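For reference, TrEMBL has these:
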REGION    1-46  region 'Disordered'
TRANSMEM  77-95  transmembrane segment
TRANSMEM  101-118  transmembrane segment
TRANSMEM  152-169  transmembrane segment
TRANSMEM  181-200  transmembrane segment
TRANSMEM  206-226  transmembrane segment
TRANSMEM  247-265  transmembrane segment
TRANSMEM  271-295  transmembrane segment
């Protein structure tokens, strides 16, 4: 009798709709065809995430170098403190001991700030003429120092004419762009800086300048504190993501209280005009900070220069003061008579 082979067991049908098992390292729900386990997670190869690039105001990336991707927390803190104390001491001593020395500081600051602005726009291949801007900026401060408020507009006009004429030698290519940028720099740095000279003009001018600087510092401090602890709603997310409406409210509140005290006890004025002074300075300084942040994002730069260790450029410290100066001058001149 012939031996019969045993009947083979039926094989399970294969579902052709099932996807093939994944063979991955550190991702998915199955590894080499087996269910993913905690051991797989432990020995999985991590895939590093790419650091997102900063976004410009037009939605595109801001092109910055590796050193520029470090936040403010990555700055050299001892250097920043040392530079800040040195600059603050220089300003304070010159104001309190010898006013002409502070005039010289203003002229130097205007020249350096103008130089930084021209260098910054050069990164975008915009070439405003450097020489007439530097000479015109210094001249604007000097003639305002000697001639008063009436000479400041003439200084701006003379600088504008010099920029237009100097740039003619470069030919027609990009003439309009270079000239308009040069005029903007002339109005932004030396013209607005001239109002610091005008603030210093009265007999108590040194106290008026100190009150303006103190109000700006109070505004910045209040904005930072309120923003850190209460900030929820972004003020201008595409321009300065760290600023919030709550922080701005803190800036206004702190500057208003500080302004009332400064005007009452330092300038011998009415406290309620001090509130007006503080609120106006807080609004102007915040706008100045946002305006420079917008400009830097448009140019794709982190700082205006690397002149001040731990701070960036001089313009990174003057952005709030430049817009606050004409506002402080207007408020104090009309509401708080010179002492």
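Numbers run from 1 along the shown chain.
Using the three backbone atoms N, Cα and C, a Cβ is placed for every residue, glycine included.
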Cβ pairs under 8 Å with the transmembrane segment (181-200): which stretch of 77-95, 152-169, 206-226, 271-295 has the most? 152-169
Near the transmembrane segment (206-226) in space but 6 or more residues beyond its ends, with Cβ under 8 Å, are 91-92, 95-96, 99, 102, 196, 199-200, 243-244, 246-255, 257-259, 262-263, 266-267, 277-278, 281-282, 285-286, 320-321, 324-325, 328, 332, 339
List, by number or range, the same-chain residues at least 6 past the transmembrane segment (77-95) whose CB is under 8 A from its CB atoms? 101-102, 105, 206, 209-210, 213, 308-311, 317
